[in-house]
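Okay, so here's the structure we're looking at.
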Amino acid sequence: MQIYKVGGAVRDRLLGRPVTDIDWVVVGASSEEMLARGYRPVGADFPVFLHPQSGEEYALARTERKSGRGYGGFTFHASPDVTLEEDLTRRDLTINAMAEDEQGRVIDPYGGQADLEARLLRHVSPAFAEDPLRVLRVARFAARYAGLGFRVAAETLALMRQLAGSGELQALTPERSWKEISRALMEPNPEVFVQVLHDCGALAELMPEVEALFGVPQPAAHHPEIDTGVHVLSVLQQCARHHQPLTVRWACLLHDLGKGLTREADWPRHIAHETRGLPLIDAINRRFRVPRDCQELARLVGEYHTHAHRALELRPTTLLELLQSFDVYRRPQRFEEFVAASEMDARGRHGLEQRDYPQAAYLLGAAQAARAVSVKPLVEKGLKGAELGEALKRARLAALKAYKEERGKA
């Protein structure tokens, strides 16, 4: 029985990055032997055990064979005669197919160390093309390590194109797809994830609504980058630079989908793209069974982001309607995330990344002014029901008028 550290822990140590999760592979042992040593079984599909003291995962060395479509279409074979090299060959990338023995020696049968040096994301074997989830995983690794100069190897990108064109991506479950997408959006360069999917044809399969934005022009006066797809990539880049949460990043990815529906004859203007994009946002949210908080913010940002850009010009009545649309009195954080997404949209324009966005402070101040209105004096006057609601609305409108006048004097 031999135990090896494998995968990400070896890769990240060689890169000089913090090692958070450690995976182990056990060669030459059976399930019975693991149980006899006190390991607890947790693997439903193949033999994985938890260490009795550390709680870390130990998997028996195994091979796998394609047996159906999609991420789960594999049969596994785990036994004491499976070698370390056989176990490593089933892994996706060479940089993830290294092991380390108990003396700290690196076992690297597929050139992972050389690819780390060359900053290449390269597949281990042609079996890479059997698992469609690997398209998303490679794009996610590209987003993680772009800052270190990593790029996808040309031959690996070719295999990803093959997978994208095979229809296999459609066999991925919504849950698995969302898990990879959400993790990728939180990487240091989420725009690289989208770019790689675009380059290999997978974006057109998974999110055709986003793919449709590439090549669609916008007015150069407002968008020096012109291309709407390029703009979305820039907005995601700003999200990462400003450490935005997943809700904001997801909303930013989808905020301009309506521009993909504009007739070429109307380019580069995109009148009413906000409302035209809402059915597309709803469709993507359903497709990946996106969590409710991400769904709601994406829809609201899609509908109202241009309101934010024009915030300083909005009448108090329009401003009040905007705040009520967000239920800002009970859910102030959602409005704050909307403002953040709108600011990322404004900053995601080439050459305008550092331009001030006074709309953010103005909108947050307006929300504070409206929320400061107390219902207590109105209740003490004996108002209730619809009459109370109308009186509260008038009081909030008066507060917003006063706020706007005060800001106008500043």
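From the backbone N, Cα and C atoms, a Cβ is placed for every residue, glycine too.
Around Arg91 (ATP binding site), a 10 Å sphere centred on its CB holds 21 further CB atoms from the protein chains shown. For Gly8, Arg11, Arg91, Arg137, Arg140, the entry in Swiss-Prot reads ATP binding site, with the evidence type sequence analysis.
What Swiss-Prot lists as CTP binding site is Gly8, Arg11, Arg91, Arg137, Arg140, and the listing cites sequence analysis. In the three-state DSSP reading, Arg11 (ATP binding site) counts as helix. Listed in sequence order, the residues of the same chain lying 6 or more apart from Arg11 (ATP binding site) and placing their CB within less than 8 Å of its CB are Ile95, Asn96, Met98, Gly112, Leu116.
If you take the C-beta of Asp23 (Mg(2+) binding site) and look for same-chain residues 6 or more apart in sequence within under 8 angstroms, you find Lys5, Val6, Gly7, Gly8, Ala9, Glu56, Glu57, Ala59. According to Swiss-Prot, the feature Mg(2+) binding site maps to Asp21, Asp23.
Annotation comment: Swiss-Prot describes 228-329 as domain 'HD', evidence class sequence analysis.
Cα of Arg137 (ATP binding site) to Cα of Asp21 (Mg(2+) binding site): a span of 17 Å. Whole-number maximum of the Cα to Cα distances across the ATP-binding residues Gly8, Arg11, Arg91, Arg137, Arg140: 15 angstrom.
Residues in the domain 'HD' (228-329) partition by DSSP class (helix H, G, I; strand E, B; coil) as 76 helix, 0 strand, 26 coil. Cβ-based crowding with a 10 Å cutoff singles out Arg140 as the top-ranked of the binding-site residues Arg137, Arg140.
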